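Asks: Below you will find the structure I want to go over with you.
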């Protein structure tokens, strides 16, 4: 490595290289995007096809099935699920993580068009929506009014607010929640219609023929062309009221004679309640590639102007802003980074006993960290929680390079060499080791960058940020650090004092103050050096005893290796540790036939109960059709908590208390859960177990019920339920076709009249204030309270006489499923649940796996959704990354040292250190999760450096001093003792800011990864100092 000695002779060049690194890193910091997590393209495409009035069986057979068959052939779909309910088909395509959404949407739209002519004529066009980047918006705005209806609020927001919000750079969409779109409601009165001889078909026909949009063109004369507008459409309540239905003699029957015409809403089956008031929310979704903080700042800048222009009586407020949590989390991590740099610098000074010596790694550390930002910029990364965490963990790696250089140079100076000579010897002795150590770190983290799925999406930036900091650290360690050693360290005389101190003493009192400072520095260094000489002497004696009994030491090492499997099996597993993010989600289900009015009463009680708890900031509920439940009986909501510093209980402590409270509400089955901690995992409870089959839904129900009962009796679940339930009452209208035919009533007339009276489907559109809205006829609510009222509706016979529906219709009560669910085109049931306290996610998943194997028939397929799916897929991915990392390290070292034996000795402490860390996992101190597994990977990259230094140094001693393996490793271990202890202490102490972090979002994940690395490093020191030398005496190559 003589090439690097040139930088010692050319200090300006070494300084310029470091300044360029600093400048490039500094400019990168100001330009990098800031977000909570690395960009993950998690896309869900939802296809909603209304078929107003159709029952679930009809919707599934004629809408859902043909669309599913077409969509399933599109590329990039991870899984496909569908729900068929009264009047609506909903198909959800969950894309593979990272798949380009635009390509998938274009292909799915093409597939839909290909089967459009196979769908019933009465069905509406499919509505395709794309959600990319997450289910939760970055900001929620609430709008409420005491004078405006929800439909009027919705119309204003659609016209004036949403377009302005969507013009902000980085906003993907502004979506209204709890909205009610304006419609012309024709509230039919069956009694008046019967009295005047008017049928639903006549009303429908009159609206269709009299409300017509005509594009008539223009007149073209020799000099002028004048556009024409034919007023063939209706555009006001008054115009619709005057609409002629039919003439009866001299009398004209108008629409107002048989109906109340109102400007209302398309549907009234949903609502949003916030702080006891009906509101309309706007959720601001941020594009995945956008800068979250900048985008939300841009939205906030618009809010004052939006509020100023609101109509009288309409109020708006920000109820949720994700950037507050993100900023707090990032600020805390940045603070931890600064604290770690300061703490590590102090530790180095205490170990070296000299400010001059400590200055070398103290400058190298922040320089490497700042330089890593430039690497992040070049790779297109962002400043986020994981990249900042990576920089904190990289401190242990980058400080090691500086420590190794300055400690070795100091040792040569104490042996009588000049600083220049010491620096050059150090570079020649350790240059290869430093290159090897940094290449190995790159090899450790390379597999993560090659992984797909959630781990690859989230932790690629983490891995390559550590690798980038390590790369920059290696450059500094071989350029700037040796030059600084040569220029700022001092030569020693034979007594061990610096030559400057001896010179000062000979010059008397000329530099008395300066000499006093030097003496204090010399005294501290002498005291520290004496302490380490004593420690090294004691260690040498213990090591000699250990090597005398090396077969016992080796046996212990082998036993530790053998315990790996058992320790790993005894640990508890989860996807990620629970975090206190200050937000909880509520999902609630009532009896399937409950009305929206009753549901609102129950959810109001729910909100009141939760709002009474200390620490709760506000509660909102989304009731009915807008809740995504597929009917008026479902609701979901959110509980926003005060900042964690302002409440006594954590989110995890509060959640079971809220659950107990909502369980007291009779008639409402509710569950309170935390939203997924990691992006891309999807929503819903942590356990989502899917069973599917080609069997009919009732057969699937039987299998699901037996599995559900076993799960409830196991005690492993706080809450578990199935989404497949046959408990929704349905009234079947049985038509006596013979009687209908005898009366001259066609079945299609019966169906169309019933649809017009009951379904709430639209006939056509009308123009209102420059926009088109639907015209929706339906009987008034008081005429459809019970099924028997339908029998009094009148239909025209062949002769024109109106006869009641009871003439040929009878009613039979039946029971149907709440919704017909399918998963990957098979009939399915999903068991959704929450593990009981003390039961890990892995235990709950294993139970369901084992139980299904012995319960379900052979033609059944099981799968997972949401967090469970990510957990199952990521578990095997990280195990593969472990194996690949160790293999790459071994092959890299074997190629570099031209030996298959020495790398094995270097790596021997890796599995033993992991075993030591797993003791705490098996004891239940911490779980095996995605963060702790990444921590174990980081541990591998840190501990291998000790083994490389020891083995290479011992090999050089074999060659230069012709020592045998035992003598060489004993001397190498004694000489490297201070360096190993200093690196371990600096790394572990540098993690203290992460370990002591309490509360707040991200604290649990930071603790998990830092605890794993810290405890592993501490245990590794013991193995490196005793077990590695024992293996070296047996396995290492003989070089003399």
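Keep in mind that glycine also has a Cβ here, set from the backbone N, Cα and C atoms.
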Asks: What range among 456-475, 476-495, 496-515 does TrEMBL describe as region 'Disordered'?
Replies: 496-515
Asks: To which of the residue ranges 333-352, 573-592, 593-612 does TrEMBL assign the term transmembrane segment?
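Replies: Here TrEMBL associates transmembrane segment with the stretch 333-352.
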Asks: May I ask you to check whether the transmembrane segment (551-568) and the transmembrane segment (975-996) make contact, with contact taken as at least three Cβ pairs under 8 Å and only pairs 6 or more apart in sequence counted?
Replies: no
Asks: With pairs restricted to those 6 or more apart in sequence, evaluate whether the transmembrane segment (975-996) and the transmembrane segment (385-409) have 3+ C-beta pairs under 8 Å.
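Replies: Between the transmembrane segment (975-996) and the transmembrane segment (385-409), contact is present.
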Asks: Considering only Cβ pairs within less than 8 angstroms, which of the stretches 333-352, 385-409, 430-450, 462-485, 878-897 has the most against the transmembrane segment (934-954)?
Replies: 430-450
Asks: What else in the chain is close to the transmembrane segment (462-485), if you only count residues 6 or more beyond its ends and a Cβ gap under 8 Å?
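Replies: Residues 1, 4-5, 7-8, 11, 14-15, 17-18, 21, 38, 359-361, 363-364, 367-369, 371-372, 375-376, 379, 381, 386-387, 389-391, 393-394, 397-398, 401-402, 404-406, 409, 419, 422-424, 426-427, 431, 434-435, 437-438, 441-442, 445-446, 448-449, 934, 937-938, 941 contact the transmembrane segment (462-485) from elsewhere in the chain.
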Asks: Tell me whether the transmembrane segment (1008-1035) sits in contact with the transmembrane segment (385-409), defined here as at least 3 Cβ pairs under 8 Å among residues 6 or more apart in sequence.
Replies: yes
